[in-house]
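TrEMBL annotations:
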- 21-45: transmembrane segment (TRANSMEM)
- 26-237: domain 'MacB-like periplasmic core' (DOMAIN)
- 271-296: transmembrane segment (TRANSMEM)
- 276-393: domain 'ABC3 transporter permease C-terminal' (DOMAIN)
- 316-346: transmembrane segment (TRANSMEM)
- 366-390: transmembrane segment (TRANSMEM)
Amino acid sequence: MMQHKPLTIVTISLGNLKRRPFRTFGLAMMVAMFAFTLFGGSMLAQNLSNGIESLSKRLGADILVVPGGFTKNMEGALLRGEPSTFYLDGALTEKIRTLPGVQQASGQLFVASIDAECCVFPVQFIGYEQSTDFVIHSWLPKQINRPLEEDEVIVGSYILSKPGETLTFFGRPVKVVGVLDRTGMGFDTSIFMTQSTALHMMQAAHKIKPFPSEPSDSWISSVMVKVPKDQDVDAVAYSILKKYASEFDIRVVIAKNIMRDISTKLSRLTYLIYGLSLVFWIIAVGVLVIMFSVSFNERKREFSLLRVMGATRRKLVALVLCESLMVSTLGTLIGIGMSGLVVFSFSTLIGSAIGLPYLHPPLSTILMIAGTSSLLSLLVGPIASVYSAIRLGRSDIYMMIRENE
(Lines of atoms letter the chains of each structure in order from A and count residues from 1; the text may use other names and numbers.)
(Lines give C-alpha, C1' and ligand atoms only; values in the text may rest on other atoms or scores of the structure.)
Protein backbone atom coordinates (compact mmCIF):
# COMPACT_ATOMS: atom_id res chain seq x y z
CA MET A 1 0.00 0.00 0.00
CA MET A 2 1.29 3.41 -0.95
CA GLN A 3 2.59 5.49 1.96
CA HIS A 4 2.00 9.23 1.99
CA LYS A 5 4.19 11.71 3.76
CA PRO A 6 2.35 13.51 6.55
CA LEU A 7 1.28 17.04 5.70
CA THR A 8 3.27 19.38 7.90
CA ILE A 9 4.04 23.06 7.63
CA VAL A 10 7.51 22.22 6.33
CA THR A 11 6.36 19.73 3.66
CA ILE A 12 3.58 22.03 2.46
CA SER A 13 6.01 24.97 2.30
CA LEU A 14 8.53 22.93 0.33
CA GLY A 15 5.82 21.78 -2.06
CA ASN A 16 4.62 25.33 -2.66
CA LEU A 17 8.15 26.57 -3.37
CA LYS A 18 8.90 23.65 -5.72
CA ARG A 19 5.74 24.32 -7.72
CA ARG A 20 6.97 27.85 -8.46
CA PRO A 21 10.71 27.34 -9.06
CA PHE A 22 11.33 30.56 -11.03
CA ARG A 23 9.49 32.70 -8.50
CA THR A 24 11.30 30.98 -5.64
CA PHE A 25 14.69 31.42 -7.26
CA GLY A 26 13.98 35.07 -8.08
CA LEU A 27 13.05 35.85 -4.48
CA ALA A 28 16.07 33.94 -3.21
CA MET A 29 18.37 35.95 -5.48
CA MET A 30 17.17 39.18 -3.87
CA VAL A 31 18.31 37.84 -0.51
CA ALA A 32 21.50 36.50 -2.11
CA MET A 33 22.44 39.97 -3.37
CA PHE A 34 22.20 41.34 0.16
CA ALA A 35 24.10 38.39 1.68
CA PHE A 36 26.82 38.64 -0.97
CA THR A 37 27.30 42.36 -0.38
CA LEU A 38 27.21 42.15 3.42
CA PHE A 39 29.55 39.17 3.85
CA GLY A 40 31.92 40.14 1.04
CA GLY A 41 32.03 43.76 2.15
CA SER A 42 32.55 42.86 5.80
CA MET A 43 35.38 40.49 4.89
CA LEU A 44 36.95 43.14 2.69
CA ALA A 45 36.85 45.72 5.49
CA GLN A 46 38.21 43.20 8.03
CA ASN A 47 41.03 42.12 5.69
CA LEU A 48 42.07 45.73 5.19
CA SER A 49 41.89 46.39 8.92
CA ASN A 50 44.15 43.37 9.55
CA GLY A 51 46.51 44.58 6.85
CA ILE A 52 46.79 47.99 8.49
CA GLU A 53 47.46 46.36 11.87
CA SER A 54 50.16 44.21 10.26
CA LEU A 55 51.72 47.29 8.66
CA SER A 56 51.69 49.12 11.99
CA LYS A 57 53.51 46.25 13.71
CA ARG A 58 56.11 45.74 10.99
CA LEU A 59 56.87 49.25 9.82
CA GLY A 60 59.05 49.81 12.87
CA ALA A 61 60.54 53.15 11.86
CA ASP A 62 59.01 56.54 12.61
CA ILE A 63 60.67 58.27 9.65
CA LEU A 64 61.74 56.91 6.26
CA VAL A 65 64.34 58.96 4.40
CA VAL A 66 64.36 58.41 0.62
CA PRO A 67 65.87 60.09 -2.46
CA GLY A 68 63.97 63.07 -3.86
CA GLY A 69 61.22 62.00 -6.24
CA PHE A 70 60.98 58.45 -4.87
CA THR A 71 58.48 58.91 -2.04
CA LYS A 72 55.73 57.10 -3.98
CA ASN A 73 58.17 54.34 -4.95
CA MET A 74 58.93 53.70 -1.29
CA GLU A 75 55.26 53.59 -0.35
CA GLY A 76 54.55 51.31 -3.32
CA ALA A 77 57.29 48.90 -2.26
CA LEU A 78 56.04 48.76 1.33
CA LEU A 79 52.29 48.62 0.71
CA ARG A 80 51.94 46.85 -2.63
CA GLY A 81 55.29 45.20 -3.28
CA GLU A 82 55.91 47.28 -6.41
CA PRO A 83 59.58 46.60 -7.28
CA SER A 84 61.75 49.67 -7.60
CA THR A 85 65.45 50.54 -7.60
CA PHE A 86 66.57 53.88 -6.17
CA TYR A 87 69.63 54.94 -4.28
CA LEU A 88 71.44 57.66 -2.36
CA ASP A 89 74.81 58.08 -0.62
CA GLY A 90 75.21 55.71 2.32
CA ALA A 91 77.15 58.35 4.26
CA LEU A 92 73.78 59.90 5.07
CA THR A 93 72.98 57.13 7.57
CA GLU A 94 75.81 58.03 9.94
CA LYS A 95 75.06 61.74 9.63
CA ILE A 96 71.41 61.22 10.56
CA ARG A 97 72.40 58.97 13.44
CA THR A 98 74.23 61.88 15.10
CA LEU A 99 71.29 64.30 14.96
CA PRO A 100 69.47 65.24 18.20
CA GLY A 101 66.22 63.31 18.64
CA VAL A 102 67.36 60.30 16.59
CA GLN A 103 67.41 57.08 18.61
CA GLN A 104 68.39 54.67 15.83
CA ALA A 105 69.09 54.88 12.10
CA SER A 106 69.70 52.02 9.67
CA GLY A 107 70.14 51.91 5.90
CA GLN A 108 68.35 49.62 3.44
CA LEU A 109 69.02 48.91 -0.24
CA PHE A 110 66.18 48.21 -2.69
CA VAL A 111 66.76 46.36 -5.96
CA ALA A 112 63.99 45.40 -8.42
CA SER A 113 64.13 42.04 -10.17
CA ILE A 114 63.73 41.69 -13.92
CA ASP A 115 62.20 38.21 -13.85
CA ALA A 116 62.57 35.06 -11.79
CA GLU A 117 61.63 31.41 -12.17
CA CYS A 118 60.26 31.31 -8.60
CA CYS A 119 57.64 33.96 -9.24
CA VAL A 120 54.90 34.90 -11.67
CA PHE A 121 55.45 38.55 -10.78
CA PRO A 122 58.46 40.85 -10.25
CA VAL A 123 59.97 40.81 -6.77
CA GLN A 124 61.66 43.40 -4.60
CA PHE A 125 65.08 42.67 -3.10
CA ILE A 126 65.63 44.40 0.24
CA GLY A 127 69.12 44.46 1.67
CA TYR A 128 69.43 45.55 5.28
CA GLU A 129 72.35 46.39 7.54
CA GLN A 130 72.24 43.65 10.17
CA SER A 131 74.43 45.40 12.74
CA THR A 132 72.14 48.46 12.98
CA ASP A 133 68.78 47.03 11.87
CA PHE A 134 65.85 47.53 14.25
CA VAL A 135 62.98 46.85 11.83
CA ILE A 136 63.34 43.62 9.87
CA HIS A 137 65.09 41.35 12.36
CA SER A 138 62.25 41.63 14.89
CA TRP A 139 59.71 39.89 12.65
CA LEU A 140 61.87 37.40 10.77
CA PRO A 141 60.94 33.71 11.17
CA LYS A 142 61.73 32.43 14.66
CA GLN A 143 63.83 29.60 13.24
CA ILE A 144 66.34 32.18 11.94
CA ASN A 145 68.19 32.83 15.19
CA ARG A 146 71.48 33.87 13.61
CA PRO A 147 72.68 36.63 11.28
CA LEU A 148 72.27 36.01 7.56
CA GLU A 149 75.41 35.08 5.68
CA GLU A 150 76.46 36.19 2.22
CA ASP A 151 74.06 34.92 -0.50
CA GLU A 152 71.47 33.75 2.04
CA VAL A 153 67.93 35.08 1.72
CA ILE A 154 64.57 35.04 3.45
CA VAL A 155 61.61 35.12 1.06
CA GLY A 156 58.09 36.53 1.36
CA SER A 157 55.06 34.26 1.60
CA TYR A 158 54.15 34.65 -2.10
CA ILE A 159 57.56 33.49 -3.30
CA LEU A 160 57.31 29.88 -4.45
CA SER A 161 60.25 28.50 -2.53
CA LYS A 162 61.16 26.51 0.59
CA PRO A 163 64.11 26.67 3.02
CA GLY A 164 67.14 24.89 1.59
CA GLU A 165 66.30 25.63 -2.04
CA THR A 166 68.54 27.67 -4.30
CA LEU A 167 67.22 30.54 -6.40
CA THR A 168 69.03 32.40 -9.14
CA PHE A 169 68.68 36.11 -9.84
CA PHE A 170 70.70 38.00 -12.44
CA GLY A 171 72.78 34.83 -12.85
CA ARG A 172 73.69 34.83 -9.13
CA PRO A 173 72.55 31.87 -6.96
CA VAL A 174 71.23 32.48 -3.44
CA LYS A 175 70.11 30.03 -0.75
CA VAL A 176 66.70 30.28 0.89
CA VAL A 177 66.97 29.92 4.68
CA GLY A 178 63.49 31.04 5.72
CA VAL A 179 59.99 32.03 4.60
CA LEU A 180 58.02 34.90 6.13
CA ASP A 181 54.48 34.51 7.40
CA ARG A 182 51.96 36.36 5.29
CA THR A 183 51.89 40.08 6.11
CA GLY A 184 49.33 41.47 3.65
CA MET A 185 51.98 44.02 2.60
CA GLY A 186 54.59 44.39 -0.09
CA PHE A 187 56.87 42.20 2.01
CA ASP A 188 54.93 39.15 0.74
CA THR A 189 56.59 39.59 -2.67
CA SER A 190 59.96 40.71 -1.31
CA ILE A 191 63.23 38.89 -0.69
CA PHE A 192 65.40 39.93 2.25
CA MET A 193 69.18 39.66 2.34
CA THR A 194 72.26 41.34 3.72
CA GLN A 195 73.15 44.74 2.34
CA SER A 196 76.28 43.22 0.83
CA THR A 197 74.29 40.56 -1.05
CA ALA A 198 71.85 43.21 -2.28
CA LEU A 199 74.75 45.30 -3.56
CA HIS A 200 76.07 42.31 -5.50
CA MET A 201 72.57 41.84 -6.94
CA MET A 202 72.54 45.48 -8.00
CA GLN A 203 75.93 45.13 -9.68
CA ALA A 204 74.72 42.01 -11.51
CA ALA A 205 71.54 43.82 -12.56
CA HIS A 206 73.64 46.74 -13.82
CA LYS A 207 75.40 44.40 -16.26
CA ILE A 208 72.06 43.29 -17.70
CA LYS A 209 70.27 46.64 -17.63
CA PRO A 210 72.69 49.50 -16.87
CA PHE A 211 71.81 52.15 -14.28
CA PRO A 212 72.46 55.84 -14.98
CA SER A 213 75.74 55.47 -13.05
CA GLU A 214 78.03 52.67 -11.87
CA PRO A 215 76.77 51.10 -8.59
CA SER A 216 78.81 52.16 -5.58
CA ASP A 217 79.62 50.13 -2.47
CA SER A 218 78.21 52.99 -0.39
CA TRP A 219 74.79 53.07 -2.03
CA ILE A 220 71.60 52.69 0.01
CA SER A 221 67.97 53.31 -0.91
CA SER A 222 66.52 54.57 2.34
CA VAL A 223 67.32 55.31 5.96
CA MET A 224 64.93 53.98 8.60
CA VAL A 225 64.86 56.32 11.58
CA LYS A 226 63.48 55.60 15.05
CA VAL A 227 62.61 58.50 17.34
CA PRO A 228 62.27 58.29 21.17
CA LYS A 229 58.68 58.44 22.42
CA ASP A 230 59.29 61.75 24.18
CA GLN A 231 60.45 63.42 20.95
CA ASP A 232 58.36 65.15 18.28
CA VAL A 233 58.61 63.03 15.12
CA ASP A 234 57.65 65.94 12.86
CA ALA A 235 60.33 68.14 14.42
CA VAL A 236 63.01 65.47 13.93
CA ALA A 237 61.89 64.95 10.31
CA TYR A 238 62.11 68.70 9.72
CA SER A 239 65.62 68.83 11.20
CA ILE A 240 66.73 66.02 8.85
CA LEU A 241 65.39 67.90 5.85
CA LYS A 242 66.80 71.22 6.99
CA LYS A 243 70.25 69.72 7.52
CA TYR A 244 70.62 67.37 4.55
CA ALA A 245 67.86 67.96 1.96
CA SER A 246 70.00 70.07 -0.34
CA GLU A 247 73.23 68.11 0.18
CA PHE A 248 71.75 64.65 -0.49
CA ASP A 249 68.50 65.57 -2.34
CA ILE A 250 66.27 63.68 0.07
CA ARG A 251 62.63 63.59 1.16
CA VAL A 252 61.09 62.11 4.29
CA VAL A 253 58.07 59.84 4.74
CA ILE A 254 56.52 59.95 8.21
CA ALA A 255 55.08 56.57 9.18
CA LYS A 256 52.12 57.95 11.14
CA ASN A 257 51.04 59.93 8.07
CA ILE A 258 51.00 56.73 6.00
CA MET A 259 48.87 55.05 8.67
CA ARG A 260 46.50 58.03 8.85
CA ASP A 261 46.01 58.13 5.08
CA ILE A 262 45.32 54.40 4.93
CA SER A 263 42.91 54.58 7.88
CA THR A 264 41.01 57.40 6.16
CA LYS A 265 40.67 55.35 2.97
CA LEU A 266 39.52 52.35 5.01
CA SER A 267 36.87 54.42 6.82
CA ARG A 268 35.48 55.71 3.53
CA LEU A 269 35.43 52.22 2.06
CA THR A 270 33.71 50.82 5.16
CA TYR A 271 30.97 53.47 4.98
CA LEU A 272 30.47 52.67 1.29
CA ILE A 273 30.26 48.92 1.94
CA TYR A 274 27.70 49.15 4.74
CA GLY A 275 25.79 51.86 2.88
CA LEU A 276 25.41 49.54 -0.11
CA SER A 277 24.44 46.68 2.21
CA LEU A 278 21.68 48.82 3.74
CA VAL A 279 20.40 49.79 0.28
CA PHE A 280 20.31 46.14 -0.83
CA TRP A 281 18.58 45.16 2.42
CA ILE A 282 15.85 47.77 1.89
CA ILE A 283 15.44 46.75 -1.77
CA ALA A 284 15.29 43.05 -0.87
CA VAL A 285 12.69 43.59 1.87
CA GLY A 286 10.64 45.92 -0.35
CA VAL A 287 10.56 43.53 -3.31
CA LEU A 288 9.72 40.56 -1.09
CA VAL A 289 6.91 42.49 0.64
CA ILE A 290 5.33 43.18 -2.76
CA MET A 291 5.83 39.61 -3.99
CA PHE A 292 4.42 38.05 -0.83
CA SER A 293 1.41 40.39 -1.00
CA VAL A 294 0.75 39.41 -4.62
CA SER A 295 1.20 35.76 -3.70
CA PHE A 296 -1.27 36.15 -0.82
CA ASN A 297 -3.96 37.41 -3.19
CA GLU A 298 -3.25 34.57 -5.63
CA ARG A 299 -3.41 31.92 -2.89
CA LYS A 300 -6.60 32.94 -1.11
CA ARG A 301 -8.38 29.84 -2.43
CA GLU A 302 -5.53 27.62 -1.21
CA PHE A 303 -5.63 29.20 2.24
CA SER A 304 -9.42 28.93 2.44
CA LEU A 305 -9.29 25.22 1.57
CA LEU A 306 -6.66 24.65 4.24
CA ARG A 307 -8.93 26.42 6.74
CA VAL A 308 -11.85 24.19 5.72
CA MET A 309 -9.60 21.14 6.20
CA GLY A 310 -8.97 22.20 9.78
CA ALA A 311 -5.88 24.40 9.64
CA THR A 312 -5.94 27.16 12.22
CA ARG A 313 -5.06 30.77 11.46
CA ARG A 314 -1.90 30.33 13.49
CA LYS A 315 -0.82 27.43 11.28
CA LEU A 316 -1.47 29.42 8.12
CA VAL A 317 0.61 32.28 9.47
CA ALA A 318 3.34 29.78 10.35
CA LEU A 319 3.11 28.42 6.79
CA VAL A 320 3.75 31.87 5.28
CA LEU A 321 6.63 32.57 7.66
CA CYS A 322 8.12 29.12 6.99
CA GLU A 323 8.07 29.67 3.22
CA SER A 324 9.72 33.07 3.60
CA LEU A 325 12.38 31.61 5.88
CA MET A 326 13.12 28.88 3.32
CA VAL A 327 13.49 31.51 0.60
CA SER A 328 15.87 33.47 2.83
CA THR A 329 17.84 30.33 3.65
CA LEU A 330 18.32 29.50 -0.02
CA GLY A 331 19.33 33.09 -0.82
CA THR A 332 21.69 33.24 2.16
CA LEU A 333 23.46 30.03 1.14
CA ILE A 334 23.87 31.26 -2.43
CA GLY A 335 25.02 34.74 -1.42
CA ILE A 336 27.45 33.71 1.33
CA GLY A 337 28.80 30.86 -0.81
CA MET A 338 29.43 33.02 -3.88
CA SER A 339 30.89 35.83 -1.79
CA GLY A 340 33.25 33.45 0.02
CA LEU A 341 34.34 31.96 -3.31
CA VAL A 342 35.26 35.41 -4.64
CA VAL A 343 36.87 36.74 -1.44
CA PHE A 344 39.08 33.72 -0.77
CA SER A 345 39.84 32.56 -4.32
CA PHE A 346 40.83 35.98 -5.61
CA SER A 347 42.31 37.51 -2.45
CA THR A 348 45.67 38.25 -4.11
CA LEU A 349 44.02 40.02 -7.05
CA ILE A 350 41.70 41.95 -4.74
CA GLY A 351 44.61 43.09 -2.57
CA SER A 352 46.58 44.19 -5.63
CA ALA A 353 43.60 46.05 -7.10
CA ILE A 354 42.91 47.93 -3.87
CA GLY A 355 46.58 48.80 -3.39
CA LEU A 356 46.39 48.66 0.42
CA PRO A 357 47.66 46.12 2.99
CA TYR A 358 45.29 43.14 2.77
CA LEU A 359 45.40 40.22 5.23
CA HIS A 360 42.80 37.56 6.07
CA PRO A 361 41.66 37.37 9.72
CA PRO A 362 41.77 34.16 11.81
CA LEU A 363 39.11 31.47 11.26
CA SER A 364 37.17 32.50 14.37
CA THR A 365 36.68 36.02 13.00
CA ILE A 366 35.65 34.69 9.58
CA LEU A 367 33.05 32.42 11.20
CA MET A 368 31.73 35.30 13.30
CA ILE A 369 31.33 37.52 10.21
CA ALA A 370 29.69 34.66 8.30
CA GLY A 371 27.31 33.98 11.21
CA THR A 372 26.29 37.62 11.58
CA SER A 373 25.82 38.05 7.82
CA SER A 374 23.76 34.85 7.65
CA LEU A 375 21.52 35.90 10.55
CA LEU A 376 20.79 39.31 9.03
CA SER A 377 20.14 37.71 5.63
CA LEU A 378 17.82 35.06 7.08
CA LEU A 379 15.70 37.78 8.67
CA VAL A 380 14.93 39.39 5.30
CA GLY A 381 12.24 36.88 4.30
CA PRO A 382 10.34 36.65 7.60
CA ILE A 383 10.38 40.46 8.01
CA ALA A 384 9.09 40.92 4.46
CA SER A 385 6.28 38.39 5.01
CA VAL A 386 5.00 39.92 8.26
CA TYR A 387 2.46 42.11 6.42
CA SER A 388 1.04 39.14 4.51
CA ALA A 389 1.01 37.02 7.66
CA ILE A 390 -0.94 39.70 9.55
CA ARG A 391 -3.48 39.97 6.71
CA LEU A 392 -3.85 36.20 6.67
CA GLY A 393 -4.32 36.04 10.43
CA ARG A 394 -7.13 38.59 10.27
CA SER A 395 -8.88 37.11 7.21
CA ASP A 396 -12.31 35.54 7.55
CA ILE A 397 -12.70 32.07 6.00
CA TYR A 398 -16.17 32.87 4.63
CA MET A 399 -14.98 36.05 2.90
CA MET A 400 -11.94 34.25 1.45
CA ILE A 401 -14.19 31.57 -0.08
CA ARG A 402 -16.62 34.18 -1.46
CA GLU A 403 -13.76 36.15 -3.04
CA ASN A 404 -12.63 33.03 -4.91
CA GLU A 405 -16.04 31.96 -6.18
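Backbone N, Cα and C define each Cβ position, glycine as well.
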Spatial neighbours of the transmembrane segment (366-390) far in sequence, C-beta under 8 Å, 6+ residues away: 27, 30-31, 34-35, 38-39, 42-43, 46, 281, 284-289, 292-293, 295-296, 317, 320-321, 323-329, 331-332, 335-336, 340, 360
Segment-level pLDDT (mean, integer) for the domain 'MacB-like periplasmic core' (26-237): 86
For the domain 'ABC3 transporter permease C-terminal' (276-393), the number of residues DSSP places in helix, strand and coil: 103 helix, 0 strand, 15 coil
